[in-house]
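Chemist: Sharing a structure below in structure tokens format, with a few things to ask.
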Number of protein chains: 2
Amino acid sequence: QGTRDHPPAQAALRERLLSAVVSCFKRHGAAAIDTPVLELRETLVGKYGEGTKLIYELQDQGGELLALRYDLTVPFARYLAMNKVTKMKRYHIAKVYRRDNPATTRGRYREFYQCDFDIAGQCDPMIPDAECLKIVHEILSDLQLGDFVIKVNDRRILNGVFAVCGVPESKFIPACSTVDKLDKVPWEEVRNEMVGEKGLSPEAADRIGEYVQLHGGLDLIEQLLQDPKLSQNKLAKEGLGDMKLLFEYLTLFGITGKISFDLSLARGLDYYTGVIFEAVLLQQDNEHVEEPVSVGSVAGGGRYDGLVGMFDPKGRKVPCVGVSIGIERIFSILEQRLEASGEKLRTTETQVLVATPQKDLLAARLKLISELWDAGIKAEMLYRKDPKLLKQLQYCEDTGIPLAAIVGEQELADGVVKLRDVATRKEVKV
Amino acid sequence: QGTRDHPPAQAALRERLLSAVVSCFKRHGAAAIDTPVLELRETLVGKYGEGTKLIYELQDQGGELLALRYDLTVPFARYLAMNKVTKMKRYHIAKVYRRDNPATTRGRYREFYQCDFDIAGQCDPMIPDAECLKIVHEILSDLQLGDFVIKVNDRRILNGVFAVCGVPESKFIPACSTVDKLDKVPWEEVRNEMVGEKGLSPEAADRIGEYVQLHGGLDLIEQLLQDPKLSQNKLAKEGLGDMKLLFEYLTLFGITGKISFDLSLARGLDYYTGVIFEAVLLQQDNEHVEEPVSVGSVAGGGRYDGLVGMFDPKGRKVPCVGVSIGIERIFSILEQRLEASGEKLRTTETQVLVATPQKDLLAARLKLISELWDAGIKAEMLYRKDPKLLKQLQYCEDTGIPLAAIVGEQELADGVVKLRDVATRKEVKV
């Protein structure tokens, strides 16, 4: 339940999609790494907040207690600490596992791909962070998914907001996870949860409400830097200063048009320590042509400067920032779009079918196809001794093979091959 | 234990290796599919003979009883039956899991890649079987792994041998798994196991010994077709007839030089029903240059006509033949060879580093690199506000980046970029 086979048509679409993502990651100079699907259970436990209960655990069959990886970020941090790597730009595309309630129609599965790009190492502020946003912008533009916006915030700003609104530090994380719901439910509900479940005072909640409903660009950053309360808070000031720097770099990249500084963005995971971001597609309610689906977030990430230190025996920190592309949701969109277009994706790359028009010519076909393979040509033949020519040509049409190389008795006698263009039926002897 | 991270250098070598294998599979017209790492436990149990005890099982956390896939063949058969697919040529490259005693120095892990190519569907005899052998030949030749031989046998011939030597049918499978050890231990030991553990009569064992130590080519097939006992056995006769046909096709492919009809080849898995084969590298004890390692089998496969039927509610059979490339062993060889050569494999594909020779030029770098990325150029820069030029050029040399695009104050004023060839130090203005 919650897993699926990918038949050839889906696998081909997925390959096309992943190759667009990989070529972007490579364009930014990332190296690939691979880590096991299995991790020690203790590596994963306590890293995902409420997600921890969704970890798939292996049976104790003697030996180590194992679990399936929940994401690619924690294994990456474990890898850096274990190998004492302090600087690295890597991408990793692999499956992760969550014992969640699957919602397969919305592209949510228990086994799904993640595509992560991360920059680890000491850097000057906001330079790698800006590159992560540039990557999201490039990928979403390349894939022509329609209009999108990348929301940006900073955990330090959020914590600063909580502090100046009178929230005790112990309640920062619960408050954060409540704010995170603002993209799905109205402020009133969020406020009720803060006051009811999370035990904040109504006054604090109202003050928070004034901040977290704000979003904008450089102007908003400037405004908050002048905010009499927030400008007095060390964390908020740092975060806002860096946010300003980030916008400066994004301006040089020419992508601020798609960026929104949004104080309601909180992100679920505990390990973020600085910039956080999330890209969402914007609904298009124009024609029926595009058939937009509500898919929510298609990319997200942020800065996590403390995670590697959790795996190092001496607690040595390696600052990291990274982005994860929500490939499953994007895949759902592309799949629906492909279906709507009626276009048929080829599942093979075969260039030529080796065919015979008469009987008893299997040997000739085998000899020719072997020559083609050895020359690097992608070639197929039917696995029949004496297939009908019509059936062979039909196979080409069904599978999109553009050429048929035909050897009949006459061709054999003349030492030629008849090359037929399947679509135009034009034939030449070679 | 028994798993490993693949750091960038290994991941790059692996990518190169897998891409050679995939391009061969695509050359033969295969489509890709993907199946989940998780299978229902009941799907896997009872398919692998003694291997069943090595299956990784997931903890019962409520819901289905799950296990990690043990190979790619059983999931493929399950896929065909579940989707009622009766004809398909597919490849699948993915990780499989075995709770085995790891022997990591010999390239044996608990998590490892398999690269499978299979042809499912009703075909005329030996045509797809011959193609599988051609594929093994192409891949091993392409990868320049040194001399190799592909041993071929047929389960029907083996069963015929057992029958005419007086082995009761119930002992065919145990006898088979004993014969399979002949490549590792001498005949005497195999004979002892047959008589002792497996309960065969000494006479039967001796008669088997006469057959299973034979290997050769077409001549041997002809000889056995004339064998007074074997030629009377229906199964053996069928198998030998098909073996003759197979050699005919392999002759047309021009690859019989590397093929050995070897009656000692038995293969461990229960599900084979016809042709079986295994490729082994031959030791080279010439110079130290090559540093050959004993790696055993590097590819194997065979025909399994009954497996799909086991998953079909009505038992409908789909004949299949396939090959699995032993990528981990090949990887070990290539890795050792690369190490011995001292060659350094690049882990990234970056074409140009954007650099500055003076301070306060971060904005110029960000602007230029953004233009390069948007033009599809693979470009990097150091994540520092004011890096030293020497450090930037050093980074190029360390990571193999061939070009540096330098923007200094003068270049900015002139509206040019200085393009430096890192190896030759030649510079041109563009």
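Including glycine, each Cβ sits where the backbone N, Cα and C put it.
Residues annotated as L-histidine binding site in TrEMBL: B:ASP71, B:LEU72, B:THR73, B:ARG98, B:GLN114, B:ASP118, B:ARG267, B:TYR271, B:TYR272. Annotated domain 'Aminoacyl-transfer RNA synthetases class-II family profile' per TrEMBL: B:1-357, in sequence order.
Set these features in their place in the structure for me.
Modeler: Look at B:TYR272 (L-histidine binding site): DSSP puts it in coil. Listed in sequence order, the residues of the same chain lying 6 or more apart from B:TYR272 (L-histidine binding site) and placing their CB within less than 8 Å of its CB are B:ARG155, B:GLY302, B:ARG303, B:TYR304.
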Chemist: Within a 10 Å radius around the Cβ, which one of these binding-site residues has the most neighbouring Cβ atoms: B:THR73, B:GLN114?
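Modeler: Of B:THR73, B:GLN114, the one with the most crowded Cβ is B:THR73.
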Chemist: Taking the Cβ of B:ASP71 (L-histidine binding site) as the centre, count every other Cβ atom within 10 Å, in any protein chain shown.
Modeler: 18
Chemist: State the three-class DSSP label for B:THR73 (L-histidine binding site), counting H, G and I as helix, E and B as strand, and everything else as coil.
Modeler: helix
Chemist: Per-residue pLDDT averaged over the domain 'Aminoacyl-transfer RNA synthetases class-II family profile' (B:1-357) comes to what?
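Modeler: Mean pLDDT for the domain 'Aminoacyl-transfer RNA synthetases class-II family profile' (B:1-357): 92.
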Chemist: Relative to the Cβ position of B:ARG267 (L-histidine binding site), how many further Cβ atoms are located within 10 Å?
Modeler: 22
Chemist: Rounded to a whole number, what is the top Cα to Cα distance in Å among the residues the record ties to L-histidine, namely B:ASP71, B:LEU72, B:THR73, B:ARG98, B:GLN114, B:ASP118, B:ARG267, B:TYR271, B:TYR272?
Modeler: 22
Chemist: Can you tell me the three-state DSSP label for B:ARG267 (L-histidine binding site)?
Modeler: coil
